[in-house]
Amino acid sequence: MSNVFTHINADGNAHMVDVTEKAVTEREARAEAFIEMASTTLEMIMSGSHHKGDVFATARIAGIQAAKKTSDLIPLCHPLMLTKVEVDLEAQPEHNRVRITSLCKLSGKTGVEMEALTAASVAALTIYDMCKAVQKDMVISQVRLLEKRGGKSGHFKV
């Protein structure tokens with residue numbers, strides 16, 4: 001792990017990292033997020049009785065769209081040509097929550113960690129948005145990188 005912030009230059013100013021000379025490699029990142037809610041809210045999602053429609057399908061599409069738009073949201077993030085984005089949602093009724101996992105892949109010069117994190121985050125936010133009419137105190141938590149492969153820094157896994 002490095003002890004240098006790559007997005008801060010010698011003058012202390014934020015800048016986009018120059019990846020021109022970096023090698024193109026296969027890159028992959030996985031992330032997760034959780035959204036906790038009342039059992040009644042989760043049951044509405046699981047039974048398909050939510051008045052706004054299929055919450056998981058909408059959250060999945062939102063997460064995929066968000067991964068593709070990450071560079072528009074994170075100021076110093078490079079625009080990337082993603083080759084795969086996967087968002088999975090798992091109801092965990094024993095914990096009154098939904099686990100969201102994301103996977104992003106590409107062949108490129110920079111990693112896809114931010115895309116994976118953005119996908120999981122926006123999927124969780126979409127669940128919140130769709131369910132806020134029935135519950136406003138849902139909690140989004142534990143947004144984190146699970147695994148990253150490729151590039152100079154190598155393999156990272158929680």
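Counting starts with 1 at the first residue shown.
Cβ coordinates are placed from backbone N, Cα and C, and glycine is handled just like the others.
The active site annotation in Swiss-Prot covers D129. Taken from Swiss-Prot, the feature substrate binding site covers L76, C77, H78, M114, E115, and the record attributes it to sequence analysis.
Structure coloured by features recorded in Swiss-Prot.
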residue	record	CB count, 10 Å
L76	substrate binding site	13
C77	substrate binding site	18
H78	substrate binding site	15
M114	substrate binding site	22
E115	substrate binding site	28
D129	active site	15
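When the alpha carbons of C77 (substrate binding site) and D129 (active site) are compared, the span between them is 26 angstrom.
Summarising the substrate site geometry, the residues cited as binding it (L76, C77, H78, M114, E115) extend over a maximum Cα to Cα distance of 13 Å. Sitting within 8 Å of the Cβ centre of L76, C77, H78, M114, E115, and not among those site residues for substrate, are the Cβ atoms of T70, S71, I74, P79, L80, T110. D129 (active site) is 28 Å away from H78 (substrate binding site) when you measure Cα to Cα. Classification of H78 (substrate binding site) by DSSP places it in coil, neither helical nor stranded.
For the recorded site, E115 (substrate binding site), the DSSP three-state label reads helix. If you measure from the Cα atom of E115 (substrate binding site) to that of the residue listed as 'active site', you get 20 Å.
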